[in-house]
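Novice: I'd like to ask you about the structure that follows.
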Amino acid sequence: MSLARIKHIVLVLSGKGGVGKSSITTQLALSLSLSGHSVGVLDVDLTGPSMPRMFNIEDAKVTQAPGGWLPVPVHVANPEKGVGELRCMSLGFLLRGRGDAVVWRGPKKTAMIRQFLSDVLWGEMDYLLIDTPPGTSDEHISLAETLLKEAKPGQLAGAVIVTTPQAVATADVKKELNFCVKTRIPVIGVIENMAGFVCPNCAECTDIFGKGGGQVMAKDFDVPFLGRIPIDPQFVMLIETGRRPEYPQGTVINGEDFSKALQKGSGSSTGEVTKEASLLAEKYRGCSLEPIFREITQDIVTAVE
Ligand code: ADP
C-alpha cells in the first residue's frame, strides 16, 4: 500500500458540513509543517473537495508516475527554517470543471476511496491528514475498513473531530464519536471551531455563541479537548486572496499581540494581494489562529508519537 512509509495517519471528521473541517485540516497541515514535519493531505470529500482551493493550487495537474499518482506540492521542505514539506491529493484535481459536484453511487465512491488510499505515491512522510466528507456515510465506513485492514499497528493515529458551539447541541457530533467507538478508531480529540469572533475593527475577540460546549461534550465522552478556534475574517482573506493577515492596534489573542504580527512575517508590504502558494505557510505565521494551532499540533504530536 502506498501508505506504508507514512508514520501517522489522522482522520479529520465532522458531524455536518460548514463547521470548518477543511479549514481545520488546512491549518493542522500548515502548523505541522511549520513545526518541521513532512505532511500530506488527502481530500476524500468526494462531493465537495475543497483542499485545492484552500492551498491555492486549483490549477495544478496531478501527474501519473509508474505505480500511481504523484501528490501536488504545496511547498517544499525548508530545513533551515525548520519547515517540512507539504503535499496534497484531492479528487478536485481529477474533476474536469472545478466546482463539479460528483454524483456517484456508493460502490463507485467506495472504489475511488480505495484507489485514493492505495494509488497515491506519498513515499516517506510524518503525517497524512485525511479530510473526510461530513457525517458518517458509506465512504467513512469503507475508509475506516480499508485503513484498519491495511494500516500497520499504531499507524492510524486516530480522528480529530471538528464541531462548532451550535453543533455541539445537536446529535451530529455524538454520531461521529459513536462512529469512532464502533469502528475502533481512537479519538485524538475534539476541536471547537467558530467559537468567538476576532473583530477586524475593534481589537476584541467576542464569544458570540457562548463558550465551553465542546469542552463539556469532550468530557462527557471522555475524549481530549484540543481547543477553541475563533472566527477570524483575516484567515478567510488569506485563503481567498492571499493577503497577509493584519490586525488593529491592541489585538491580543491568547495573550499574544497580533497587531505586531506583521513584523513576524517576511517583511512584505502591508495589504499586498498575491496568490503565491509557496508563501501561504509563511503568511499564516502572522494569523491570530496560528499560535492556537501550534498548541493543538503540539498536543496531537505528543499524543500520537
Ligand atoms: P467544512 O469543510 O466543514 O464544510 P469549511 O472549512 O469549508 O467547512 O468552512 C466553511 C467556511 O467557513 C469557509 O468559507 C471558511 O473559510 C470559513 N471558516 C471556517 N472556520 C473559520 C474560522 N475559524 N474563521 C473564519 N472563517 C472560517
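Even glycines carry a Cβ here, placed using N, Cα and C.
Where the annotation comes from TrEMBL, it is an automatic prediction and has not been curated.
Per TrEMBL, the features are:
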- G15, K16, G17, G18, V19, G20, K21, S22: ATP binding site (BINDING)
- C199, C202: [4Fe-4S] cluster binding site (BINDING)
Novice: Given the binding-site residues K16, K21, which one's Cβ is surrounded by the fewest other Cβ atoms within 10 Å?
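Specialist: So among K16, K21, the binding-site residues given, the one with the fewest Cβ atoms within 10 Å is K16.
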Novice: Could you tell me which of these binding-site residues, G15, G17, G18, G20, has the fewest other Cβ atoms within 10 Å of its Cβ?
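Specialist: Result for the binding-site residues G15, G17, G18, G20: minimum number of other Cβ atoms within 10 Å at G18.
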Novice: Please check the binding-site residues G15, K16, G20, K21, S22 against ligand 1 and give me the ones with CB under 6 A, sequence order.
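Specialist: The ones that qualify, in sequence order, are G20, K21, S22.
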Novice: Tally every other Cβ atom lying within 10 Å of the Cβ atom of S22 (ATP binding site).
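Specialist: Looking across every protein chain shown, the total is 24.
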Novice: Taking DSSP three-state, what's V19 (ATP binding site) in: helix, strand or coil?
Specialist: coil
